[in-house]
Amino acid sequence: LPLLLEATLLRLASSSYHPFYNGFYYNHIMNDNSNEQEKVVHFNGARLVVETPKDPVYSSNGANVTLPCHYHYEPDLEAKHKIRIKWSKLRDDYTKEQDVLVAIGKTYVAFGDFRGRAHLLQAGRREASLVVSDVRLQDDGKYRCEVIDGLEDESDVVDLRLQGIVFPYQPPRGQYRLNFHEAERECQEQGAILATFNQLFQAWSEGLDWCNAGWLADGTYPTRLPRKPCGGLHLAPGIRSYGPRHRHLHRFDAFCFSSALRGEVFYLDRPAGMTLEEAKQSCQDAGAEGWDRCDAGWLADGSVRYPIAKPRANCGPAEPGVRTFGFPSKGRFGVYCYKER
């Protein structure tokens, strides 16, 4: 069998005269000498080159962002056809997730969630940059800029990353109660989405240390300090992964991702504190007081927490973070409110 396979491959290699270029097969050119050499032929006599930035483009929720993309020819010449430009959003494995925009000249069509938010930058010759307005959390990811000139087709990829935070979330029912779809809903109710692995890895590299497994596309948790309940004392710091999990049957917490808010968070208090219902009513008032408080307050999900940027005595552990009292069924506290600008 190996000899037969080798002979078949040799025969195919010796009889094939179809060089592959840009997704199309081109006929070879024979010179006057019978000793033919195959040549890649460019239909307009030049090579189409598409260029995008190698470094990620950063933006935030609600902002406008431009994904740069330019094209040219080597050697330089004018295009003989109407140039078609196509933008697509990609999965992590670079396969297409969704169409974003297709344009010919000044005429373009945007698709799906990008309709009304995406257009081409009309800034000059050989410009193919994409402008996305009112950026959403789901826009984070890789985008392919594809330029088509007749039968020539070249592309490159832009990485859009949203600046924000990853936070582990556990609902009132307790630890490990969420299947994948419930985790998605819980994050959405917190004004967030399930985090990607890249977002979790970035958060871990910036200090996130959490010993509970939470949904991304799988069950994962980041730990910086090896310890017995978190995989063992002798394992190196890193992202622990449980591998693929059943999205309906298996249950974990959630890692949510949220970007910049277009508003402000402020704290309200009364001398005797407030119940959850009184706290909700009080959030109709205004008076921002910042993100660093040692006072516990109600949040919209019924939990009681307080944020510490500068650790100090009687305010919990020595590290910055959001301290939690869980989901008390009764008690009187202040309240953290959010108001759109």
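Backbone N, Cα and C define each Cβ position, glycine as well.
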Between CYS283, CYS315, which residue forms the disulfide that TrEMBL gives for CYS294?
-> CYS315
Please name the cysteine among CYS187, CYS211, CYS230, CYS283 that TrEMBL pairs with CYS256 through a disulfide bond.
-> CYS187
Would you find the one among the disulfide-bonded residues CYS187, CYS315 whose Cβ has the most company, meaning other Cβ atoms within 10 Å?
-> CYS187
Hey, of the disulfide-bonded residues listed (CYS256, CYS294), which one tops the CB count within 10 A?
-> CYS256
Whole-Å Cα distance, CYS294 (disulfide bond) to CYS256 (disulfide bond), is 24
